[in-house]
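Asks: Just dropping this structure here.
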Amino acid sequence: LQGIFVLGLPYALLHSGYSGLFLIILAAALCCYTGKILIACLYEENEDGQLLRVRDTYEDIANACCKKLSPKLGGIVVNVTQVMELIMTCILYLVVSGNLLSHSFPYVPMTEKTWSVIAFVTLLPCVFIKTLKIVSKLSQLCSLVHFIIILVVMTYCLTQIHQWSWGKFRLSIEFEDFLVSVGVIIFSYTSQIFLPTLEGNMKNPGEFRRMLNWTHFFACVVKTTFALTAFLTWGEETKEVITDNLPSFLQTLVNLCLLTKALLSYPLPFFAATEMVYACISRGNHSNYRSPLFALGVRGSFLLLTLLMAMFIPHFALLMGLTGSVTGAAMTFLLPSLFHLKLKWKKLSFLEKCADISVFILGFLCSLAGIVCSIKGLLEIFG
């Protein structure tokens, strides 16, 4: 919940004004809600009224919803969507790593692609990750590095408190700029892809809802405080990535912290994507597909694929935006609300049905707006 997108929140406030502060809070509430209803779809009541976990993955939920149309159609759509988003996330971390290394060591005669290869070499041990427990340790370190970055930026901003002015907030906003802000704010909270696996690996799954409430609450507080202090410091000069506004002596330190964060962030989407693909392939009875060596081959192939795509995909940022608009909105808003309505319709109250329908409509509008803006950007580049 505290990814690299957080660094773009001050820029989002620049284009959304006071409404951006409201959006940060609203997005936290909506993403927390869709996380809960997604996990609710994993459970069904037995004859005694007890909840039993009858599904394990996002794919299982989709198949349950589409079983009358086609037993496996829903799972295929969800798996393809999830793997696309996870792979693009991994590629983004490699691209970001190469960019940060080249900016941190400008006097070394190497291209960004060469630096990406060096970053890739440090990620090779990822092929040996077999459990989520190892990933969670790396994610803890990633969170620590992230808060160091937040602390450095906010400490500098507080030294400039004499320059703060609420007059820097916009009252009027441009519609397209506002859509960009909405995308940055909403997608800074997305975590639904990981939730079924996370809940299934918890020692006490009964605490999942409380965990989700507290993590989204603290994420909202950190995001709001960070975005507000940074924007009040730089105002109209706020850049897309707020660390670019820092003085040069702090930029190198923060860039190295960002590099560490990017490398530590890579294992989570990588693990999720490879586990998903391996589970699909090894579902048959062929023993060769269930061997440790085959699993190692799947992880190694994925690792190499992310490097090749990071080096050769043109206009990566726009393609990432297009993919994010489709997959991010679908996995965060559209599918959880649709699946919840489908599986729990008879047991939902009128207000719960209205909430799910509202979230679905909002997700559809966000996805449509993001797709239009991304395609428009691609058409402008290709003339």
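Note that Cβ sites are derived from N, Cα and C of the backbone, with glycine treated the same way.
TrEMBL lists these features:
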DOMAIN    2-375  domain 'Amino acid transporter transmembrane'
TRANSMEM  20-43  transmembrane segment
TRANSMEM  76-95  transmembrane segment
TRANSMEM  115-132  transmembrane segment
TRANSMEM  144-166  transmembrane segment
TRANSMEM  178-199  transmembrane segment
TRANSMEM  211-233  transmembrane segment
TRANSMEM  253-281  transmembrane segment
TRANSMEM  293-313  transmembrane segment
TRANSMEM  319-339  transmembrane segment
TRANSMEM  359-379  transmembrane segment
Asks: Take a look at 115-132, 144-166, 359-379 and tell me which one has the most Cβ pairs under 8 Å to the transmembrane segment (20-43).
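Replies: That would be 359-379.
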Asks: Quick check for me: are there 3+ Cβ pairs below 8 Å between the transmembrane segment (253-281) and the transmembrane segment (359-379), leaving out pairs under 6 residues apart?
Replies: no
